[in-house]
Amino acid sequence: MKKLLSAALAICLVLSLSVPASAAQNSLDNFQKTAEYTGGFTDVPESYWAAPSVKTCFEYGLMKGATATTFNPDGVLSVAEALVMADRVHEVFTTGGSTLTNGSPWYQPYVDYAVAQGIIAGGDFTDYTAKVTRAEMAYIFYNALPASALPAINNVLALPDVDETTPHAAEIFALYEAGILSGSDIYGTCKPDATITRAESAAIIARVAIAGSRKSVTLLEDWEWSDNVVLALPQDAQAGEDGMGVFFNAGMAILSSVQDDAYRGISVTALPSETLNSLLTEIYKNSGLTFSDSASTAVNFGAIAAYRTTGTLTADNGISLKCVSYFYITGDSMEMIALLSDDDALLTAMVNSVRISSSSVSVKL
C-alpha cells in the first residue's frame, strides 16, 4: 500500500507541473489551390487512407493522375517521378508557379532543374527510371525546400533502422523532426531501402508543401522494466530516483508491487473489479487527487489474467491526466502498471504495447 501511495504522490507532482502544449505554426504562402478535386480518381475511394492527401496534391498541383480518371495509388515511385514532385515544390516555393514541362527523355528537364537548384548533385543517380528508395526520396524531398522552411516540431532521438551509416540519414532525421515522416509503427521504423508507393508519396509531399498538414508525433522505444515486463515509452523518458516511475514530457509510467500471502494461487479476476476501482480512488484521494470515470475490463497477457482499469486523475489545480492501469497477480504479489498522459493517442499506444512474460494484451484499448 505504501508503494501505491508513493506512486500516487509522484502522479500528483506530474499533474502540478503540467502545462498545456502549444501547437507549432508554419506557413508556406506560395502554395495555393489551383484546382478543385471532385473525386475524379476512380481508384481512390473516399474511404481510402490516402484520399485526403491525394486530394491535397491534386488541388495544389503537387501530383497528377496516372490518367484523367485514375491515380494508381499502389504504383511504385521512380527516381524521375520523385524529382518531378520535388521540382514542383521548389519552383512554387521560389517563384509562385510551376513552369517545367516534359522533354526528351521526358524527365530530362526535371533532372536538369534539380541539379541546377541543388536538389540533387550530378551523378547521384545513374538510372532515373529506377524505383526510388525511401532514403533517396527523403534526400530529394528534403532538398526541395530550404532548411528554414522545415523547422523541427518533433524531438526524434533515434530510429530503429536508421543510423549514421544509413544513406541520407541526416535528411531522414530532419524530415521526421519536421513532421513530414512518421514511420510505419510506434517506433518510427523507416524502411530506408524499401520502395514507396504513389499514395505514400502523396501523403509525404503534401506535408512538405503544406505546413499545416505536418504531424506532431511521439516515437516510442522499448523499456525492459523487469525480467518479464516490457513497456513502450517515449524516447525522452527518464527513470525516477525511486526506481518506481518513469517520467516523460506528456506523462509518466509507474510500476508498483504489493506482497501478501493472500494473493498466492489466485487470479486477479477473482477479485471484484469494483474493489480495484475503490482502492485506486482511495489511494489517489489520500494524495489530493480525484480519480473519476473509472471502469475495469478483464484481459489476459498469455496465461496471465489481468484487469485493465481506465479513469481520469484530476489535481486541485484542475489539471487532468488520463490514467490506464493493469493489475495482475504473480506468486504472492499484486502488480500494478499505471500509464498516464494528456495525449490520448500516445496513451493508447503505450497501453496497447505493454508486454508481460513476452505476451501482449488480449484486447486492445
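Glycine residues also receive a Cβ, built from the backbone N, Cα and C atoms like all the rest.
TrEMBL lists 37-100, 155-219 with the feature domain 'SLH'. The feature signal peptide is assigned by TrEMBL to 1-23.
When averaged over the domain 'SLH' (37-100), pLDDT in the model lands at 95. Sorting the domain 'SLH' (155-219) by DSSP state (H, G, I as helix; E, B as strand; all else coil) yields 24 helix, 4 strand, 37 coil.
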